[in-house]
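TrEMBL annotations:
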- 91-113: region 'Disordered' (REGION)
- 224-270: domain 'F-box' (DOMAIN)
- 326-365: repeat 'WD' (REPEAT)
- 449-488: repeat 'WD' (REPEAT)
- 489-528: repeat 'WD' (REPEAT)
- 529-570: repeat 'WD' (REPEAT)
- 571-612: repeat 'WD' (REPEAT)
Amino acid sequence: MTRVFPIEEWAPAQESRTSTNSFHTTLDAYDGTNPLTPFRKRLHSMPLVPRIDDLTNGVQGLSLYHNENLEGEGEGKKQGGLRGLLRRASVSMRTRKRRHSHMQATAERPQSAWGRLRTAASFNRHSRFMASNPDDEGPFDSHEELLSPVPGNGSQPPVIPLGYGGAAARATAAAQNEYLIRNRQHLMTEDHMGDRESGIGIAVTTADAVESTENTANNSISRMDFITELPTELGCQILKHVDQETLRNAALVSRRWHAVSTTDDIWKTVFLREQTKTYATGRDIPLGAGLGLPLASKVSDWKELYKIRENLRQNWLAGNAEAVYLNGHQDSIYCVQFDEDKIVTGSRDKTIRIWDMRTYECRLIIGPRDVVNNPDILTGQEGSPTHYSILPDGSRTEGHVPKTISYDMYHNQSILCLQYDENILVTGSSDSTCIVYDIKDNYRPLMRLYKHSAAVLDLAFDDRYIVTCSKDVTICVWDRATGAMLKQIRGHAGPVNAVQMRGNTIVSCSGDFKVKMWNIDSGKAIKELAGHTKGLACSQFSEDSKYIASAGNDKIIRIWDANTGVCLRNIAAHDNLVRSLHIDSISGRLVSGSYDQDIKVYDMNTGSMLLDFPKWHSSWVLGAKSDYRRIISTGQDPKILIMDFGMNIRGIEKLES
């Protein structure tokens, strides 16, 4: 089968048809002893520095734009003859590399001006020693029919194939120079440079450059299986920096990844990083402080602990709480405080009662002798115990009889407020006094504080001071250790209904519509927060001293910036007087209780309502507090309401300290 060669593929350019007088084409025309011809010297003087192999690959990788108007084409045709054309065609057929039948044929590349130049310049009508053996050893490009010139390396001159014309040499040198410039300047693809000698536009684009551009993103990503290849210790250190969702997905990759990603030490790190953040404090939640994080020494499975915390968080978001009602008080319950072990309540029935958080039983009743010795406080008319619980399914627990105790120092009127820590319990009463009890000594009274001339409505204390407020419009500061009154602060025009303390700052609210901030040391007012339109019943001071929440008879909850005094949020919260507020500084939840019998939960950050528990009390809500797991509230009806968000979570007790 005869192959037809288009004239564009083999017709030489004018410059390739110059006389053979300019150089020799025979194999013995050059040896190591003969001096270089002027042409060879000129090639030797070119800045050809890189290695021959690298430059060969670079030159072969160049793609050339077509240049249909090669100079001198017409003149070349005149100088050639039919004999020369046939000789060139026969040489082309002899030197053509044969493809084996078992090899897959490679598609022909489009002919460019560079390719045509190489084809044309490869022939010389005076050459008689052109290689024709298809089995000669040497590099072979399946896309190229003829051998290419090899650029020089250092002091070595470039190697020009036999029969190569002058135009081909100049094109080779020009291409090599362009290649060197591209390497020095790190030019990207599509950078076009003109070859002034040959007149051919060379696009400096290599296969390596294209591949590098396409794989830039992939090359920046490590593909190593670090869990398998690295030591286990290093793999664990890496996984400690991912979040819990990524860690769970990593366990699904393989058995090896599962074994490493479920390591307890990794989950401990992730748990402490993600579950100890607080809304209103600049430090992590301490372990073992009764805030939903147990001591590390008590934890055996940190992954399970993380799951429990997440389930609890989801219950808070969805409002999934189980209600338990504790019965026993005989009148309104004005105040409540609780921890993981106990609930302490104060009532209009003049008693203080301590309840077991786990069994829901009343442990102890503290009050006047005539009250605690009254048999009606323990049993009903039919002789059945008055203390029992109503569980979420509506069932009633078996009644029980708590222990009672009376001391010589007691309150003979309603218990209006209380607060305790691990050492002392302080109560305030309508009898205008406060009593300090020693918790570790069976709640034995230590001292009585008396200076107020009316009911003590609220109190707060820390390691140094006890602060009380009264219906007599004053605030008193007491020494915690001795009980001595340090100062009495006046400034409100109405009853001071609530007081809180952080450091040396006191926050109080009054029936005069105002919230005030005081300095304990000087006893002087620092700021006055005005905006409410009716008397205030409650206020709260965040743990980090940044926020103040206040509410009252105008049914509005206001959140203030404690530093600037600016009102940040104005929440239309309830349909009646807001009687109780509580800020959970860890979660950022604000719990409110109202005379409309509703308990609501708000987001301190946005002011939006998160949860609403309407009519869970049968009368006014007088007090409401919360922690990481529960909301506990009291009201005019003599029942304690426990809303437990963790009751249906398996292993919830593992969060306890």
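Including glycine, each Cβ sits where the backbone N, Cα and C put it.
Because the structure is a prediction, the values reported are computed rather than measured.
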Average model confidence [pLDDT] within the repeat 'WD' (449-488): 97
The repeat 'WD' (489-528), counted residue by residue under DSSP: helix, strand, coil: 0 helix, 24 strand, 16 coil
Helix, strand and coil totals (DSSP H, G, I; E, B; other) for the repeat 'WD' (571-612): 0 helix, 25 strand, 17 coil
Tally of residues which DSSP labels helix, strand or coil - the repeat 'WD' (326-365): 0 helix, 23 strand, 17 coil
